[in-house]
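Going by TrEMBL, these are the annotated features:
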DOMAIN    B:92-158  domain 'HMA'
TRANSMEM  B:176-195  transmembrane segment
TRANSMEM  B:215-233  transmembrane segment
TRANSMEM  B:245-267  transmembrane segment
TRANSMEM  B:273-291  transmembrane segment
TRANSMEM  B:428-445  transmembrane segment
TRANSMEM  B:451-475  transmembrane segment
TRANSMEM  B:745-769  transmembrane segment
TRANSMEM  B:775-797  transmembrane segment
Amino acid sequence: MYIIFILIAISVLVAAGFLAAFLWAVRSGQYDDDYTPAVRMLFENEVSGGPKTKKPGQK
Amino acid sequence: MEAALQTNIQNCYHCGDSCGDEPIIAHEKAFCCNGCKAVYELLEENNLCTYYNLEESPGLSGKKPVSEARFAYLDDPGVEAQLINFRSDKICKLTFYIPQMHCSSCIWLLENLFKLNPGIADTTVNFMRKEVALTYFHEKTSLREVVELLTRIGYEPAITLADTDGKKTTKKSRTIIYKLGIAGFAFGNVMLLAFPDYLDFTQGLQHSFGSFFGYLSILLSIPVFFYSARGFFTSAWEGIKQRMVNIDLPISTGLLALFFVSLFDIITGRGPGYLDSFTGLVFFMLIGKYFQQRTYDTLSFDRDYTSYFPVSITVLKEDGEESSTAVRNLQVGDRIRIRNQELIPADAILLRGRAMIDYSFVSGESEPVEKVVGEVIYAGGRQVGESIELEVVKEVSQGYLTQLWNDTVFSKNEEQYLHTYSNIAGKWFIIVTLMVAAGALIYWVPRDMDIAMKAFTSVLIIACPCALSLATPFVHGHTMRVFGRNKFYLKNTGVVERLAKIDTVVFDKTGTLTEPSEAEVTYTGKALSDEQEQAIFSVLRHSTHPLSQRISANMKGSTAPVSAFQEFTGKGLAGEVNGKLVRVGSAAYLGVPADKQKDTLKTTVYVSIDGVVLGYYTFFNVYREGLKKVLSDLNDKKIAVLSGDNDHEAARLRELLGNEAELSFNQSPVQKLEYIQRLKEQEHRQVLMVGDGLNDAGALKQSDAGIALSNSVTNFSPSCDAILDASSFDKLSTFLNFSKKTMTLILLTFAVSLVYNVVGLTMAVMGLFTPIVSAILMPISTLSVMTFATLSVKYAAKKAGL
């Protein structure tokens with residue numbers, strides 16, 4: 001049954017990893033604007049051949 | 001093709017405006033004006049026509065061409081440095097506020113700016129904030145070129161004095177999101193560890209790993225206690241220091257009891273503790289806080305005069321050359337030129353030209369004031385008509401308007417509204433809770449010391465008024481969103497509650513009750529023949545004077561050629577039509593004796609033909625559409641009107657408002673403020689002020705709830721609690737009634753949570769409260785309160801037609 005110690009340690013570590021990812025996401029400003037990216041991602045599909053796509057990274 | 005085009009009512013391909021009788025046809029598309037056509041051609045040349053595919057007619061009307069010379073001040077390194085956020089030897093980064101942004105086409109075009117100007121490296125739009133973050137190579141292009149490009153395609157950035165003041169917009173606080181994330185993380189994990197307690201068949205597991213799970217839970221809860229929940233403790237402590245009980249006090253006692261009882265239980269090995277409930281509670285309550293904090297980023301509610309003033313002004317040098325200068329650098333003695341519709345930024349003396357100054361925003365007077373050469377013109381007025389030359393007599397920071405703004409009565413600290421519903425409820429809540437807890441203690445101590453302690457702490461735990469603290473933000477947050485959909489934007493959720501208590505409504509007249517751009521014109525005097533009317537119309541058409549334009553806008557028909565047209569500043573016009581001398585102007589100009597003048601308080605324009613005075617025109621304010629309905633819906637409240645104008649409209653207002661309304665005229669900004677103060681202090685009324693101009697700023701601030709009415713919400717409006725789009729003015733009474741209804745909804749939500757509390761308290765007093773009961777009862781009660789609040793507001797909004 002002592003495997004539970006390891007399992008719990010792993011599960012908490014995984015969760016902590018997600019928490020760190022979340023904190024990083026907030027820090028890098030991904031939660032500052034929750035509207036524009038949703039619109040922006042639709043542009044490329046509607047542009048038919050014309051203007052070439054913009055580089056994906058914004059900064 | 002041609003025929004097909006003409007049968008349709010043509011709308012501009014670019015901006016969607018009606019093209020009128022003569023659309024400009026180019027590239028098989030119709031345009032309303034050359035400005036729109038030019039933008040289209042520019043975009044087509046650069047292969048940017050996707051702009052038109054994303055949305056129909058996305059463009060902005062190019063009807064008002066602006067001289068690009070006015071951006072010359074952007075070449076000034078000082079101004080540039082104040083606007084730019086970051087500069088390296090290659091690139092510059094800055095953020096523009098572009099209020100015109102309105103659709104996904106706008107986002108697309110703005111993010112493809114680099115195709116129009118290769119010097120621009122990158123643009124990123126934040127649509128909610130209506131901001132564009134821009135990076136450009138300063139060797140290839142200049143700030144001025146970037147701004148000019150934006151202006152040319154219709155997205156002129158709003159650069160105001162506030163931007164150059166060095167006040168950079170504060171970044172939205174992310175603290176609440178961090179807190180929420182950490183609380184959520186801890187909640188999930190602690191609940192997982194507490195799971196064995198919930199089920200019977202895992203008893204063995206609990207037995208062997210109980211203390212390990214317990215200590216791990218403590219470890220996970222510590223950041224929640226010290227970081228996520230800190231806001232509740234500090235707020236409660238602030239309350240105690242001011243000898244006030246707010247809603248955070250019972251929350252804090254509940255949280256403290258939960259945390260320390262759990263700590264004690266785990267360390268002494270008595271049981272698993274309630275840390276799952278603790279972290280869950282903090283998480284849910286932070287969601288409520290997050291809701292409460294969501295505001296309208298794009299709207300600014302705390303603007304001062306600096307965002308009203310332009311950044312640059314045309315200065316005339318000694319040799320008559322024009323140059324653009326930042327308003328900040330304006331000095332006494334500078335000669336400036338003000339064009340039609342431009343603001344006067346500093347107190348100045350008129351040197352040349354005919355000044356018609358529209359002070360409506362500053363003083364509330366509806367008619368432009370005529371000034372003659374040599375008179376002092378105060379800052380804040382807007383020139384209507386031809387361009388004028390002025391000499392600055394006071395620096396911007398010393399001007400009349402600036403002084404007015406800095407007056408201490410205006411900058412009075414906003415009162416703390418501590419008597420909110422939830423705070424009052426919180427006060428009673430803690431009294432009842434403490435009484436119940438004490439009762440349980442008294443009952444159990446002689447019988448069983450152990451149960452006594454348990455009952456006491458569980459009462460404190462279960463009575464945590466999370467439902468109370470959630471009901472208000474959820475109901476108010478949803479109400480705010482319902483209002484926002486209807487173009488009524490609140491500064492924060494607290495305003496809903498203040499709106500609900502309003503029993504007195506004070507209106508400003510000019511621009512609030514009346515339509516600022518319109519006036520009704522009536523003619524009094526001898527009846528005019530068609531021929532005479534045509535002659536007057538023809539003469540008026542030649543004048544740019546605002547009064548002439550208002551009269552001619554109300555006349556129809558064709559014009560006849562006018563000869564010997566003359567305009568006399570401050571007096572009137574003269575011209576010959578078909579051999580007849582037509583004169584239009586003031587009573588004095590036409591020689592009407594003073595004792596025969598009628599309606600002296602009103603603005604009048606007399607007309608004469610061949611020296612015979614025929615009659616005069618008078619101007620009436622046009623009241624906003626829906627005003628009657630709003631006023632009749634508000635009949636249970638006291639209504640007052642404060643006007644900076646004279647009382648020539650008194651009779652009409654009386655008719656509209658009824659006999660009980662208080663009407664005050666010729667009110668200065670300070671008098672308005674004092675009036676509100678008197679209502680509040682002497683009659684203890686809850687006052688709602690509705691105004692639109694700087695002259696109402698003090699009153700708006702002084703009132704319990706100040707609503708600024710604006711034709712365009714992104715334009716400047718004085719500091720206020722809420723901004724109402726003029727097109728939604730007719731819904732004002734509905735908004736007030738709806739806020740009242742939301743208070744009932746909050747009470748209902750309280751009732752829902754009361755049921756849970758009674759169940760929980762009963763168990764707690766009997767000493768039957770266990771971690772499992774807490775783990776079930778707490779999430780259910782919070783979730784049901786959230787759902788009830790959300791659904792009930794939605795239903796009520798639907799019923800109220802919002």
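Residue 1 is the first one shown; counting continues down the chain.
Even glycines carry a Cβ here, placed using N, Cα and C.
TrEMBL: automatically predicted annotations, no manual curation.
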Could you check if the transmembrane segment (B:451-475) is in contact with the transmembrane segment (B:215-233), meaning 3+ Cβ pairs under 8 Å among residue pairs at least 6 apart in sequence?
no
Taking pairs 6 or more apart in sequence, does the count of Cβ pairs under 8 Å between the transmembrane segment (B:176-195) and the transmembrane segment (B:745-769) hit 3 or more?
no
Hey, would you say the transmembrane segment (B:245-267) packs against the transmembrane segment (B:745-769), going by three or more CB pairs under 8 A that are 6+ residues apart?
no
Considering every residue in the domain 'HMA' (B:92-158), what is the mean pLDDT value?
83
In the same chain, who gets a Cβ under 8 Å from the transmembrane segment (B:428-445) while lying at least 6 residues past its ends?
245, 249-250, 253, 451-452, 455-456, 459-460, 463, 465, 468, 761, 764-765, 767
Tertiary contacts of the transmembrane segment (B:745-769), as residues 6+ beyond its ends and Cβ separation under 8 Å:
421, 425, 436, 439-440, 443-444, 448, 451, 454-455, 458-459, 461-463, 465, 467-468, 471-472, 474-475, 777, 780-781, 784-785, 788-789, 792-793, 796
